[in-house]
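Below you'll find the structure, written out as structure tokens, and then a few comments.
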Amino acid sequence: MNHTSQAFITAASGGQPPNYERIKEEYEVAEMGAPHGSASVRTTVINMPREVSVPDHVVWSLFNTLFMNFCCLGFIAYAYSVKSRDRKMVGDVTGAQAYASTAKCLNISTLVLSILMVVITIVSVIIIVLNAQNLHT
């Protein structure tokens, strides 16, 4: 397709996508060998496995890696989250759930330990400042 035909096609359609309509059609199909008056009803059941949503906690792990990386637990949680996402893309739901569970535990421990360290640091600074003020008075 050369450039002039492409320009002609886009100019003819006005640059907008074509308008599609849904057409519903029904057909009757008679079974071979069966009389028309006594048609048997057959039921077909199709079991469709429902898509299991496995949370991989990648965003939480990335946040912990960037902002609360206590003893590199956030980075390890991020690695497990990526493994969980890879397993989910392959279709291994059990493996994805196992990696996601490990990532969740690591994220919780990272969050708790990091908050605990922030609180200990703030309390330590307050105690040091108060002791320094008492020594100067």
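Keep in mind that glycine also has a Cβ here, set from the backbone N, Cα and C atoms.
According to Swiss-Prot, the feature ubiquitin cross-link maps to K24 (among others).
Among the features that Swiss-Prot reports, ubiquitin cross-link is placed at K83 (among others), with the record citing similarity to another entry. In sequence order, Y99 constitute the residues six or more apart from K83 (ubiquitin cross-link) in its chain with CB-CB distances below 8 Å.
There are 20 other Cβ atoms within 10 Å of the Cβ belonging to K88 (ubiquitin cross-link). The annotation ubiquitin cross-link is assigned in Swiss-Prot to K88 (among others) on the grounds of similarity to another entry.
What Swiss-Prot records for K104 (among others) is ubiquitin cross-link. Around K104 (ubiquitin cross-link), taking its Cβ as the centre, 19 other Cβ atoms fall within 10 Å, counting all chains.
Under 8 Å from some Cβ of the intramembrane segment (58-78) lie the Cβ atoms of residues 85, 103, 106-107, 109-111, 113-115, 117, all in the same chain and six or more residues away from its ends. Per Swiss-Prot, intramembrane segment is recorded for 58-78.
Under the heading S-palmitoyl cysteine, Swiss-Prot lists C71 (among others), citing similarity to another entry as support. Under a cutoff of 8 A between CB atoms, and with a sequence separation of 6+ in the same chain, the neighbours of C71 (S-palmitoyl cysteine) are L113. In the three-state DSSP scheme, C71 (S-palmitoyl cysteine) is classed as helix.
Taken from Swiss-Prot, the feature S-palmitoyl cysteine applies to C72 (among others). Listed in sequence order, the residues of the same chain lying 6 or more apart from C72 (S-palmitoyl cysteine) and placing their CB within less than 8 Å of its CB: none are present.
C105 (S-palmitoyl cysteine) has a Cβ environment of 13 other Cβ atoms inside 10 Å. Sequence annotations record features per position, and here Swiss-Prot assigns S-palmitoyl cysteine to C105 (among others).
As annotated by Swiss-Prot, phosphotyrosine applies to Y20 (among others), with the evidence given as similarity to another entry.
If you look up Swiss-Prot, you'll see Y27 (among others) marked as phosphotyrosine.
Residues or ranges marked as transmembrane segment by Swiss-Prot on the basis of sequence analysis: 110-130. Below 8 angstroms of C-beta separation, residues 64, 68-71, 73-74, 77 of the same chain, each at least six residues beyond the ends of the transmembrane segment (110-130), sit close to that stretch.
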| Between K88 (ubiquitin cross-link) and K104 (ubiquitin cross-link): CA-CA distance (Å) | 16
